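These features come from TrEMBL:
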- 251-261: compositional bias 'Basic and acidic residues' (COMPBIAS)
- 234-261: region 'Disordered' (REGION)
- 23-49: transmembrane segment (TRANSMEM)
- 77-98: transmembrane segment (TRANSMEM)
- 110-134: transmembrane segment (TRANSMEM)
- 155-175: transmembrane segment (TRANSMEM)
- 181-201: transmembrane segment (TRANSMEM)
Amino acid sequence: MFSGFFNYDNPVWRFIGKFGDLIILNILWLICSIPIFTIGASTTAVYYVTLKLARDDDGYTIRSFFKSFKENFKQSTIIWLILLVVGLILGVDLYFFTRLFTGSGSFRTVMLTVFLAMVLIYAAVFTYIFPLQARFFNTVKRTFFNAFFMSLRHLFRTIGMIAIDGALLAAAFLLMVPPMLMIFMLFGFPLLAFINSYILAPVFNQYIPKEEEEKGDELKPLFADEEEPVSSILMAKGDEHQEEMPENEEIEMKETHDGQE
């Protein structure tokens, strides 16, 4: 009985090992995010590893992190800088409407409502875009489109991720709950990525044809056809009403087993 328990392939030990990986990822993410403009590449690399952990595809954490960091550096940096600029604009708008705007109460309420809607859209795109960049090959423009429409198509999961992430961050940094502060000191952002990855893994699986999963290295981009109508972006593999997707619209996973790295 005890020999089975101390077997490192035991599900309990594998689960505990994943939290050890999160501690390593937290250190790597903090160090690689110091220049600020590299936060996008670091975040994508974290999701590359946590999405593998969510699929029980354990491997070499450090090697996988830097593999993704290098491969996704350019696009992830562009995505991050765009999100940073938009976030700063939203922050200025919030300051203006809450501190400086002296208009009528009703107009101010309308504008704050619009602002809140924009913040929710921003949060939804932010939640999806780095996991998408980590998992699929695409242009920056198409990755933004996919993040937006996928967040709408899987709205309940989107709301769940935003709510969970927001609650954990609020408990740690607004309410200053000591246990949560300790948890974030150990695991940091990778903990949120780990939770989100378990929620996103079934979503992403819907867009990956089984025959393409077996090919691994010969996959096509996710919704990569620039001529494709926006409405068709909502179509996913596995939909009962969907016709067979043309070859140039199949999905390419940014994924190989560590044994192939």
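Glycine is treated like the rest: Cβ placed from N, Cα and C.
When each of 23-49, 110-134, 181-201 is scored by its Cβ pairs under 8 Å to the transmembrane segment (77-98), the top-ranked stretch turns out to be 110-134.
Distant neighbours of the transmembrane segment (110-134): 40, 43-45, 47-48, 51, 68, 72, 75-76, 79, 83, 86-87, 90, 93-94, 97-98, 101, 103, 143-144, 146-148, 150-152, 158, 161-162, 165, 193, 196-197, 200, 204, 222, 254; these residues of the same chain sit at least 6 beyond its ends, with a Cβ under 8 Å from one of its Cβ atoms.
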